[in-house]
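Chemist: Okay, handing you the structure first.
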């Protein structure tokens, strides 16, 4: 056990400066926290399609902060509404009616409570605007009281020129929102921070995907999946996307993770970064100098000093983010000071120098800094009965210098200054209940709030007043996401134009933007890898696909890209048809290129050899290859349809039954015994497979 003693020295390791950090200036230090609290709609976990409870509206005070809600027996709890006057209304990410009015595919009956209202509130009457609580669906509920008089009290204040009120500007320059698939807010909040991490994007651009990858799982590649996710999030359509890749593979990251169950965002962050590090362990797979390990991985040095002979032993520990105690601190700097403080060990240990069993002192210092420093503020502690949340505001700076907490100066004069660009916040009173959302800083003075599928512009002072849970700091000199976003947009649009018209199936969408852009492909158990690292063995039926084309053939042959660009690797990974097509669902890209054609409701696979991939490098060769494969498919289809062949060619049928079919009336319904024997003969000679099975 580590205990801090007042009489221990300030440091037992050589340091370039004192352990006491320089005072870090924060914004609005004297400003009241109560005046900066955002609209926290509810701390109880409830379904998001409930209307606002009107009983609580009468008691709301716009200038006060409500205390955490009491814990009730069972899952159901009443809504506890926290609100205040906001300087300016947030800018909602709304979509036009002709752009995103496509039904959302319901993937499970457990998602019945997911909010079906994806439109903005500006199109509805002022007195009937719906309210969605800031919680994840899955447990509990809010009261369902509708009262027009009470709802009218919550209307925004109308200006004197109400008829000429200016409409809010659309949100641009950031990624799209993410649908809540059922208590998946912990995943959404972390991935929004990943999507806007510039060093991570740069490392993904330089990654060369190999088959098989180094993830240790042939069915799921973390790097390929996160690349695909970021590409989909930066599409210009700005429709929210559904992260089925990761949601359906939560068990891959940890056996404790279950779908539709609220998980801890920090635990998921650590599990994801661990898998990302394993997948990117081969540095030769990265063409650039930045690897996925360099983005988040740092190193600590641990020093043990013998209190008898003053001998100091040093060991190095790999670190992916720091977990900081906040119970006795009020700023991020003081939390780091407490983390690097010298502590005296209660247990006596044997000294390697004097060979005596003596007391020792321990100190942790930063030795190597990553490109992105993550800090986890420990807001949950075990009180003996359950995990209790620490409701305490910790002041976080926009900029921080980590030099005072390091052992020595970084090599090659690497900067030790970092700027805040993202954070994750938790609402609620327990680690198992509540809601997660994230805040992203895309430019020095531009912040956005990502609350699942909703993306709004938010003031910087409002962000700094939140009770943050996970902090993301980028090293000084790192480009802002807004500049990277502008560079990637032309390449994103080019990838849309270069998408093959035969890469999709017939659909009734007619090119409209889906309200739910999904990049999930079928079931996830025992299936080969698809283009984004997601397993896919059982082929979907025709109606499950979404398309922009009226073609009847699906082509997903792999081909290599002849040119390389700084940003093109993310947008055009490995093959042109593998790029994400807006408002479409990706088809699998297994270790063997699979050609599929639709005849009626069945799929006929044609497996191509790997050496044939180069033949599809040019458009003409690709079209010629496609025609040849279509002819081959037709011949294969005829050979696999024994019911269209003379019945005399069918073997293993009893003579009596054969005579009944050959010479009898074919329109006559056969006997059950004859039907059974015929089915056996057809299965022996071959029949169209209902599902594609790959061993």
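For all residues, glycine too, the Cβ spot is worked out from N, Cα and C.
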Chemist: Region 'Disordered' per Swiss-Prot: which of the ranges 496-525, 526-555, 556-585 is that?
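Modeler: That would be 556-585, per the region 'Disordered' entry in Swiss-Prot.
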Chemist: Between residue 185 (active site, nucleophile) and residue 435 (active site, proton acceptor), how many Å separate their Cα atoms?
Modeler: 6
Chemist: Across all chains shown, how many C-beta atoms besides its own are within 10 angstroms of the C-beta of residue 435 (active site, proton acceptor)?
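Modeler: Taking all protein chains shown, residue 435 (active site, proton acceptor) has 29 Cβ neighbours within 10 Å.
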Chemist: Three states by DSSP: which one describes residue 185 (active site, nucleophile)?
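Modeler: Note: residue 185 (active site, nucleophile) is helical by DSSP.
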